[in-house]
Amino acid sequence: MEKRDAVAAGLMLPIMEAFYTIQGEGAFTGHAAYFIRLGGCDVGCVWCDVKDSWEASKWPVQSIEEIVAEAKRFPGRKVVITGGEPLMYDLNPLTKLLKSEGFVAHIETSGAHPFSGDFDWVCFSPKKFKQPHPSIYEVANELKVVVFHKSDFEFAEKHANLVNSSCKLLLQPEWSKASVFTSQIVDYVKNHPNWNISLQTHKFMDIP
Ligand SMILES: C[S@@+](CC[C@H](N)C(=O)[O-])C[C@H]1O[C@@H](n2cnc3c(N)ncnc32)[C@H](O)[C@@H]1O
Ligand SMILES: Nc1nc2[nH]cc(C(=O)O)c2c(=O)[nH]1
Ligand code: SF4
Ligand SMILES: [Mg+2]
């Protein structure tokens, strides 16, 4: 099979980096996890903290067997698939293999492409720059909205009305605007206690 066809089938994937660290954000903050960062994103967030990931062709393609073999070198059994935008790829083969090897699979996604894969936890972080695909709303376990502008509170409520009723609701300050928005987020959560705060704790700890 040609590499291009293997990528289209989700049997090979462009890997920007993979690292064992502590989940810094969201409901699983503080948990050890192996991160697999796929190359390629067409969403274009102005404040994206991993813009290097956007160009898929910059990153070497690996087979899902190689990817999972690397993950097995570490003691943790939580894997977080991120990017880039991981839903640009068919994630069924990778997640099936991870499950068969005893891993728990999480995803970090903007939801801008059709959902694929067998995930135990779906972190959905919608973006104004590219509309989410409707398939994400019923599978999202956490809605994590990055606050970069005051209009993002309204954007967050709009998506909270679309996700399933068991989805956790989280507001995360955009890193460079945290000094401006953290106090507004604190006030917002005190007045709207169905929302929680998510911080990028790995950046405070200076770990990957
Ligand atoms: C780099 S993205 C990759 C996954 C996927 N493309 C997405 O946006 O969900 C991982 C997480 O980091 C968040 N993020 C990216 N840049 C950020 C920033 N400057 N400040 C706060 N959160 C950020 C995203 O919203 C997302 O929840
Ligand atoms: N430690 C750590 N936690 C994270 N949670 C989500 C991340 C991501 O970039 O998707 C991330 C990341 O890059 N590092
Ligand atoms: S969707 Fe995610 S990876 Fe893509 S630009 Fe936005 S934050 Fe960055
Ligand atoms: Mg990150």
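Cβ atoms here come from the backbone N, Cα and C positions, even for glycine.
Values in this document were obtained by computation on a predicted structure and should not be read as measured data.
Together with ILE22, GLN23, GLY24, ARG37, PRO208, TrEMBL lists one candidate of THR82, THR182 for binding substrate, that being THR82. The S-adenosyl-L-methionine site in TrEMBL is built from TRP47, CYS48, ASP49, SER125, PRO126, LYS127 plus one of GLY76, GLY84, namely GLY84. When the binding-site residues GLY24, PRO208 are compared by the number of other C-beta atoms lying within 10 angstroms of their own C-beta, PRO208 comes out lowest.
Excluding the listed site residues ILE22, GLN23, GLY24, ARG37, THR82, PRO208, the same chain places PHE19, THR21, GLU25, ALA33, PHE35, VAL80, HIS202 with Cβ atoms within 8 Å of the centre of the substrate site Cβ atoms. When secondary structure is read from DSSP and collapsed to three states, LYS127 (S-adenosyl-L-methionine binding site) falls in the strand class. Highest local Cβ density among the binding-site residues ILE22, CYS41, CYS45, CYS48 belongs to CYS41, counted as other Cβ atoms within 10 Å over all protein chains shown. With LYS127 (S-adenosyl-L-methionine binding site) as the anchor, the candidate binding-site residues are GLN23, GLY24, CYS48, THR82, PRO208, and the one with the nearest CA is CYS48. Here the Cα atom of THR82 (substrate binding site) is found 11 Å from that of CYS41 ([4Fe-4S] cluster binding site).
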